[in-house]
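Marked as active site, proton donor by Swiss-Prot: Tyr70. What Swiss-Prot lists as substrate binding site is His138. Feature annotation from Swiss-Prot assigns NADP(+) binding site to Ser217, Pro218, Leu219, Gly220, Arg221, Gly222, Phe223, Phe224, Ser225, Ser226, Gly227; the stated evidence is similarity to another entry.
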Amino acid sequence: MAAAAATAPAAAVVRRMKLGSQGMEVSAQGLGCMGMSAVYGERKPEADMVALVRHAVAAGVTFLDTSDVYGPHTNEVLVGKAVAAAAATEEEVQVQVATKFGITPAWEVRGDPAYVRAACEGSLRRLGVGCIDLYYQHRIDSTVPVEITMGELKKLVEEGKIKYIGLSEASASTIRRAHVVHPITAVQIEWSLWSRDVEEDIVPTCRELGIGIVAYSPLGRGFFSSGAKLVDELPDDDFRKSLPRFQPENLEKNAAIFEKVNAMAARKGCTSSQLALAWVHHQGSDVCPIPGTTKIHNFDQNVGALSVKLTPDEMSELESYASADVVQGDRYHGTFLNTWKNSETPPLSSWRSGN
């Protein structure tokens, strides 16, 4: 049965939520903007993407996620233009832009103070803003004590160049060390029905420290929208074609997960993507998923996930479909950038001024 066979719920009112405990407020669902400019095939037409962002903001999704490495750089420029266009028509709407640093255009990871500052200045310029709402360390530099990186970020807060600090793909111990230097507002992690290893240590740590959780790839990089046939529709330069879970030997087995999710979605009168996204929303009021899309129709479907209600039994049933022993393939291939599993940094005592 095709994922679109079910009737999607009407668009929900997008509530506001507190992200973390430092005062940041965002829409309860964000918009991941990466695919508009990078990674998932060719860059999309700018006018279409500006229209999509304006549509999102008008619908109440005002939390936009980008990074300096998307493009590289072009996604921040796009988001900056879109926010300016939205502000011109939605005068009373406050948009929160989150961007990231730490992955160079050469796909190296850096967290040294000079790089942090230069990256921030570049993002401010490309976004066309005087202050970044939420600034994440995109990947953790395992050669630089996280306290050193955080020290520079703290200075940028004090200078009014960033408002809140976040981490992405950071281990629990790295989160704790960083939080001592300056409060962390949010940690961005991959969290979806088939990526749940963060629940063991990272999620509890965030909740203990009052840190908000931003879930990226909540639809399994599109898998829960259309299942195995997704790969057949991807262009050759789409990043997902290199991921272990999308390799033929794994995809054939993972297809059964989608079919079960899709069958439950049909019973509930929603789409498979709405069901998978609703599962993330039901993880707690401190969790903000940021599904990405390049199509207004898909955006509207994603907002509809806010109307899907799940019972504890339905949550458990969904989780059984995609348990760790069922999902085949890792999130990334072994040569990819640091993930939280290898994000430990040297002790602060090892750092000498001038490194």
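Cβ atoms are placed via backbone N, Cα and C, with glycine included.
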Candidate with the highest Cβ count within 10 Å, taken from the recorded positions Tyr70, Phe223: Phe223
Leu219 (NADP(+) binding site) in three-state DSSP notation: coil
Whole-number Å value for how far Tyr70 (active site, proton donor) lies from Ser217 (NADP(+) binding site) (Cα to Cα): 15
Cα separation, the residue listed as 'active site, proton donor' to Leu219 (NADP(+) binding site) (Å, whole number): 19
Neighbouring C-beta atoms (10 Å sphere around the C-beta of Leu219 (NADP(+) binding site)): 25
Gly227 (NADP(+) binding site) to Tyr70 (active site, proton donor) - Cα separation in whole Å: 25
Secondary-structure category, per DSSP, in which Ser225 (NADP(+) binding site) falls: helix
Integer Å distance between the CA atoms belonging to Tyr70 (active site, proton donor) and Arg221 (NADP(+) binding site): 16
Least surrounded among the binding-site residues, given as Ser217, Ser225, when other CB atoms within 10 Å are counted: Ser217
Nearest of the recorded positions (Tyr70, Phe223, Ser225) to His138 (substrate binding site), judged by Cα-Cα distance: Tyr70
